[in-house]
């Protein structure tokens, strides 16, 4: 890798470290930055998170400069900046079913969400169907407060 490439990588890593929230409960702050094409003459298709439309959208990157809201694929953008769908399941009654510890949805694999149960957080499979009645459930980190009612 050339020294210019290493400097660019170092710059992006420094920017990422500065813009990542300390709490880990929200998407990285760079997700709210506008699309920035950069200073070179290239025309590389990339994706950025548009905080106004709340979607990952395509733009053309020049190949140098720009900011960290710049992803090679729409999936990378979505995984980094969009909250995962679904809600956390009710707290498991049985012991031994604990999932991986997490800080936010983005630290959980696949469609799992980061759920808080009595002060501990763990990755759990998201629930997508409507509840038959109003139920008190734990919540995904960064969305509705724990213990809030989930309406039908």
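Placed from the backbone N, Cα and C atoms, the Cβ positions cover glycine too.
Here's what Swiss-Prot has on this protein:
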- 1-24: signal peptide (SIGNAL)
- 25: pyrrolidone carboxylic acid (MOD_RES)
- 31-81: disulfide bond (DISULFID)
- 31-81: domain 'BPTI/Kunitz inhibitor' (DOMAIN)
- 40-64: disulfide bond (DISULFID)
- 56-77: disulfide bond (DISULFID)
- 81-127: domain 'WAP' (DOMAIN)
- 88-115: disulfide bond (DISULFID)
- 102-114: disulfide bond (DISULFID)
- 108-123: disulfide bond (DISULFID)
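Positions of Swiss-Prot features highlighted on the structure.
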| residue | record | contacts (Cβ under 8 Å, 6+ apart) |
| --- | --- | --- |
| 31 | disulfide bond | 49, 51, 69, 80, 81 |
| 40 | disulfide bond | 62, 63, 64, 65 |
| 77 | disulfide bond | 47, 48, 49, 56, 71 |
| 108 | disulfide bond | 84, 99, 100, 102, 114, 123 |
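For the recorded site, residue 115 (disulfide bond), the DSSP three-state label reads strand. The domain 'BPTI/Kunitz inhibitor' (31-81): residue composition by secondary structure is 10 helix, 15 strand, 26 coil, according to DSSP. In this structure, the disulfide-bonded residues 81, 88, 115, 123 were compared by how many other Cβ atoms lie within 10 Å of their Cβ, and the smallest count belongs to 123. Other C-beta atoms found within 10 angstroms of the C-beta of residue 64 (disulfide bond) number 14, with every protein chain shown included. Burial estimate for the disulfide-bonded residues (56, 114): highest at 114, by number of other CB atoms within 10 Å.
For residue 102 (disulfide bond), other Cβ atoms within 10 Å of its Cβ number 22.
Mean predicted confidence for the domain 'BPTI/Kunitz inhibitor' (31-81): the pLDDT average there is 95.
Residue 123 (disulfide bond) carries a strand DSSP state (E or B).
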